[in-house]
Amino acid sequence: MTENEHRPAECRPYDRVERISDAVVHIMGLLLALVSVPVLITLTAVMRGDMTGIIAVSVYGATLITMLSASLAYNHISHPEWQDWLRRMDLSAIYLKIAGTVTPFALLSGTGNTFLAAMWVAAMAATATTFLRRRRSTILSVAIGLSMGWAVLIGGGEVIATTSWPVFALMLAGGVVYSLGTPFLLLERMRFHNAIWHGFVVTASVVYFIAITWHMLATTVV
């Protein structure tokens, strides 16, 4: 790892309370996802009964769990020789989760396939550059993630057109929560900044989970 590579506690060592609080946020979010995702998949199978819907929510659930797991590993596995690899996995999981979140909105309503494909291409490209480059600044990584996330609400017209107002409001709220949390990620000298940032991530993930569940129910043909 180069001396400029971002990693947990790079600018200052986190104390025990900070690490424990951040771990608690991660574990609570991961456990919530591990319980909720199977429920969503089962509900989709029962309510819709189509393979497309099941695949859509399964892809979303897999990327959500992967993102939370990768973040937990990167921030709390204390093996310096693994940090570079874990950081790349963490960043890649974020990009894939953004594309994974778009997937059910597009596939459940049967629209926006071109936009969905573009989001997955962007996620794969961002992932590839994460592993090919020696390093990427935290600010640049955050900018890429925010750009991809807001692209859904700004450029995904076909997808947005099929959502109800409550679902769109939840999507917008989730994007706002993510965005409001990013300054805390960058304020590395602030105590508990990491736990606060990840609290925003978990909260936004919950909001998007509700939006996807609502969208699934709204697009189900009774």
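Placement of Cβ uses the backbone N, Cα and C atoms for every residue, glycine included.
TrEMBL labels come from automatic prediction, so no person has curated them.
Copied over from TrEMBL:
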TRANSMEM  23-47  transmembrane segment
TRANSMEM  53-77  transmembrane segment
TRANSMEM  89-108  transmembrane segment
TRANSMEM  114-132  transmembrane segment
TRANSMEM  139-161  transmembrane segment
TRANSMEM  167-187  transmembrane segment
TRANSMEM  199-217  transmembrane segment
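Counting Cβ pairs under 8 Å to the transmembrane segment (167-187), the top-ranked stretch among 53-77, 139-161, 199-217 is 199-217. Sequence-distant contacts of the transmembrane segment (53-77) (same chain, six or more residues past either end, CB-CB distance under 8 Å): 8, 19, 22-23, 26-27, 29-30, 33-34, 37-38, 40-41, 44-45, 83, 86-87, 89-90, 92-94, 96-97, 99-101, 103-104, 106-108, 194, 198, 201-202, 205, 209, 212, 216.
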